[in-house]
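Colleague: Would you mind keeping the following structure in view while I ask a few things?
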């Protein structure tokens with residue numbers, strides 16, 4: 001009998017073992033769809049981004065008008081731009097849900113997969129930040145100024161570091177040029193990291209909603225989960241296209257329709273919605289260095305998850321107290337997101353400070369304590 005090319009060809013064999021004959025737990029739920037959705041998001045963003053880059057000019061005098069030109073004069077340029085801008089939002093929705101799933105079901109116990117995932121998140125955040133600067137509107141310019149300025153809080157080398165990043169003494173043409181270069185490069189770095197992420201995942205195999213060994217009950221990825229993933233793609237593309245076609249500017253800032261002007265500061269500088277929770281934590285501390293450290297900690301704290309897991313059970317499926325705490329944490333993140341979009345005045349300042357304290361308390365103290373308590377209740 002002739003050998004099956006899919007199983008014998010050196011390249012096809014790798015694809016086959018990752019996407020076709022991959023043994024998959026039979027009981028994984030729709031929460032396991034977000035990994036493939038993130039892959040689709042990345043491909044969509046790279047494709048639309050490439051098409052936009054063909055019409056974009058990374059120069060302070062031309063950037064804003066080149067984006068306007070793309071939307072007005074390029075065939076379907078408006079659609080490509082709207083899909084790219086809103087695609088970023090969906091990318092973050094998917095990654096936050098993906099991380100939330102990992103946290104709820106104890107997937108962070110696969111340390112290598114979890115750590116590469118956090119590095120992916122940080123790279124995605126960097127990509128989104130430099131990308132937001134490119135249209136060179138008011139919020140692009142001032143967002144870049146404010147966020148890059150945070151590095152000046154680093155003792156001794158801070159100011160030098162910022163001027164080195166800017167390529168001058170303020171955000172100007174060299175900054176825009178290098179941000180465009182970075183925005184073009186980083187998505188390919190994300191694609192490379194994704195392969196590492198998947199390699200680590202396939203070393204151990206997928207986790208499942210029960211958090212138990214599933215080796216005795218595995219099914220092939222194709223056709224079961226390929227079909228399930230296609231359903232996921234459809235359910236994501238529907239709201240994405242609806243948003244891009246019906247209200248493309250819903251999530252954007254009106255301030256960005258004004259070309260960048262270093263002499264006029266917008267009344268309220270704020271990042272895109274997906275960074276607001278971290279921005280709220282940054283603002284909640286009155287000291288600059290303290291704020292920067294809290295901002296970094298808000299994401300880097302995820303690295304500690306495997307070490308803060310004290311429960312004998314892996315997932316939260318049968319741990320009602322941890323479930324309650326988890327949903328309080330989710331609510332708290334929504335509160336932080338809302339506070340980040342509000343001006344710095346009473347009562348938002350105190351709400352932001354309380355929500356920031358709660359965020360760190362839940363993750364660092366309450367989760368390990370409740371996990372230990374649940375062990376005691378179950379007589380472990």
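Numbering starts at 1 and runs along the chain as it is shown here.
Cβ coordinates are placed from backbone N, Cα and C, and glycine is handled just like the others.
Below are the features I grabbed from Swiss-Prot:
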- 84, 183: heme b b562 binding site (BINDING)
- 98, 197: heme b b566 binding site (BINDING)
- 202: ubiquinone binding site (BINDING)
- 34-54: transmembrane segment (TRANSMEM)
- 78-99: transmembrane segment (TRANSMEM)
- 114-134: transmembrane segment (TRANSMEM)
- 179-199: transmembrane segment (TRANSMEM)
- 227-247: transmembrane segment (TRANSMEM)
- 289-309: transmembrane segment (TRANSMEM)
- 321-341: transmembrane segment (TRANSMEM)
- 348-368: transmembrane segment (TRANSMEM)
Colleague: Examine the transmembrane segment (34-54) against the transmembrane segment (179-199) and state whether at least 3 Cβ pairs sit under 8 A, considering only residue pairs 6 or more apart.
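Modeller: Yes; at least 3 Cβ pairs under 8 Å.
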Colleague: Taking a Cβ cut-off under 8 Å, which residues six or more beyond the ends of the transmembrane segment (179-199) line up next to it in the same chain?
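Modeller: That would be 18, 38-39, 42, 45-46, 49, 53, 56, 58, 113, 116-117, 119-120, 123-124, 126-127, 130-131, 133-134, 144.
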Colleague: Do the transmembrane segment (114-134) and the transmembrane segment (227-247) come close, with at least three CB pairs under 8 A (pairs 6 or more apart in sequence)?
Modeller: no
Colleague: Here's one to test understanding: among the binding-site residues 84, 98, 183, whose C-alpha is closest in space to the C-alpha of residue 202 (ubiquinone binding site)?
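Modeller: For residue 202 (ubiquinone binding site), the spatially nearest of the binding-site residues is 98.
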Colleague: Once the chains shown are all counted, how many other Cβ atoms turn up within 10 Å of the Cβ of residue 183 (heme b b562 binding site)?
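Modeller: Excluding its own Cβ, residue 183 (heme b b562 binding site) sees 22 Cβ atoms within 10 Å.
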Colleague: What are the sequence-distant neighbours of residue 197 (heme b b566 binding site), meaning same chain, six or more residues apart, C-beta distance under 8 angstroms?
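Modeller: The list for residue 197 (heme b b566 binding site) reads 113, 116, 117, 120, given in order along the sequence.
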Colleague: In Å, rounded, how far does the Cα of residue 98 (heme b b566 binding site) sit from the Cα of residue 84 (heme b b562 binding site)?
Modeller: 21
Colleague: Once near-sequence residues are set aside, which residues in the chain of residue 84 (heme b b562 binding site), 6 or more away, have Cβ atoms under 8 Å from its Cβ?
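Modeller: Within the chain, residue 84 (heme b b562 binding site) has Cβ neighbours under 8 Å at 45, 48, 49, 52.
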Colleague: On a simple 10 Å Cβ count over all chains shown, which one of the binding-site residues 98, 202 is most densely packed?
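Modeller: Buried the deepest by this measure is 98.
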